[in-house]
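This report concerns only the one structure given below.
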Amino acid sequence: MQQLNPSEISEIIKARIDNLSVTTEAQNEGTVVSVTDGIIRIHGLAEVMYGEMIEFEGGVYGIALNLERDSVGAVILGDYQGVAEGQTCKCTGRILEVPVGPELQGRVVDALGNPIDGKGPIDAKATDAIEKIAPGVIARQSVDQPVQIGLKAVDTMVPIGRGQRELIIGDRQTGKTAIAVDAIINQKGTGIKCIYVAIGQKASSIASVVRKLEEHGAMDHTIVVAATASDPASMQFLAPFAGCTMGEYYRDRGEDCLIIYDDLTKQAWAYRQISLLLRRPPGREAYPGDVFYLHSRLLERAARVNAAHVEKYTNGEVKGQTGSLTALPIIETQAGDVSAFVPTNVISITDGQIFLESDLFNAGIRPAMNAGISVSRVGGSAQTKVIKKLSGGIRTALAQYRELAAFAQFASDLDEATKAQLNHGQRVTELMKQKQYSPQSVAEMAVVVYAANEGFLEDVEVAKMGAFESSLLSYMNSSHAELMAEMNTGAYSDDIAGKLKGALENFKATQTW
């Protein structure tokens, strides 16, 4: 029988102790109690923060949204099929971040910044949190530079400035997305970056928009963030915040960016769905009590920031430049009801609205903008000089025409002044029509509006207004290129007005339309 030597035993124990590596890793863990419709109830996670990312088995992540006394309610990001009751999960100590930077331009990404266009991975150099506090009062600057949309009706009557929030509101199929896409196409060559956030739309509709942007060479300066109708409610809820963070990258570096949320009604629906599944008490129209805060904290991040903010943010790399994030949120109404909960909320948050009507759209007036109730609260100070000077009479002419047209249906004999107003209004209405994907320059708008104001249209047949406009613009661009270039800078003077009048008289004499 072999005998054990006590010294050998002590040596073995010493060696074992020396080789033992004790690493203590404290992790805040919890157990999945239930999984229902993308909502997960977790027992434990005592130290979890609101909005913190939670890691589940299989590399799936969620966000903590409900912190209750004995449980945590979390929403899953992506597919929840692999998560089961009894599994463990742990806090990550991080809040949700998305990639930002110029590497994303020309790409289609999901709400987490992952590419979904099949063009390979995105090598973004930086990431940023999706939930950020909006710039304070001191960091802001007043809106005084224009964003040209390229649509006569919008740029003359409801001008939009850099850093403004202008709501596009209307029923389905009234041309809301068309205005937004035209706005993106018109930013080509201006240096304004664009972000198009598609929320809860059909994948085929998003693909169609991307194809149109590519056709018109607008994808190079655009990021598309897509949360389709088949994506979970959590992705539709987060997509606008992700897009906003990508836009803030440019704003805080002294650049200009335009972001379109298409549309926030579907984000509110997704948030309502999440809130009801989390058992939060429902309020008006079953929306949770904080649905106003959902949109206000998102839209307040669209702003014009001053040079001091940009310099501080970039640690002195960018000096003397202001940055801006301009938002065009879209809201879909049901049967023209703008007094519903979400439309009234967003109207009160934004700096004006473009109201689109089904009746006008069906009558062939496109963009189908109601000039009477569409308004821009801050854009007037950002309008270019030439458009501001010339466009004053357009809104009045249209408003008077709508009023008189309703009255003229019942009146049999009208005086000459009323007839003249009706004729003028008819022609201005025709003039405000514009084909999709054909944005106009400042000079082209100025020529058309000047012709309307100075009575050059009164003897042109209403049916021939479209032909008159296209002939006039091709004549001006070919024969008066210098004058057009001067007006494109926004300049306007008596000298320019005189030249413009002479050019229009010469064109009218040719009768070539």
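Counting begins at 1 with the first residue displayed.
Backbone N, Cα and C define each Cβ position, glycine as well.
Marked as ATP binding site by Swiss-Prot on the basis of sequence analysis: GLY170, ASP171, ARG172, GLN173, THR174, GLY175, LYS176, THR177. Annotation source Swiss-Prot lists site 'Required for activity' at SER374.
Mapped onto this structure are the features recorded in Swiss-Prot.
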residue: GLY170; record: ATP binding site; Cβ contacts under 8 Å, 6 or more apart: LYS176, GLU332, THR333, PHE355, LEU356, GLU357, SER358, ALA368
residue: ASP171; record: ATP binding site; Cβ contacts under 8 Å, 6 or more apart: GLU332, THR333, GLN334, ALA335, GLY336, LEU356, GLU357, SER358
residue: ARG172; record: ATP binding site; Cβ contacts under 8 Å, 6 or more apart: GLU332
residue: GLN173; record: ATP binding site; Cβ contacts under 8 Å, 6 or more apart: SER358, PHE361
residue: THR174; record: ATP binding site; Cβ contacts under 8 Å, 6 or more apart: LEU356, GLU357, SER358, PHE361, ALA368
residue: GLY175; record: ATP binding site; Cβ contacts under 8 Å, 6 or more apart: LEU356, PHE361, ARG366, PRO367, ALA368, GLN436
residue: THR177; record: ATP binding site; Cβ contacts under 8 Å, 6 or more apart: SER205, VAL209, ASP262, ILE330
residue: SER374; record: site 'Required for activity'; Cβ contacts under 8 Å, 6 or more apart: MET157, VAL158, GLY352, GLN353, ILE354, PHE355
Whose Cβ lies within 8 Å of the mean position of the Cβ atoms of GLY170, ASP171, ARG172, GLN173, THR174, GLY175, LYS176, THR177, the ATP site, other than those residues?
GLU332, LEU356, SER358, PHE361, ALA368
LYS176 (ATP binding site) has how many other Cβ neighbours within 10 Å of its own Cβ?
24
Reduced to three states, what secondary structure does DSSP give GLY170 (ATP binding site)?
strand
For THR177 (ATP binding site), what is the secondary structure state per DSSP, taken as helix, strand or coil?
helix
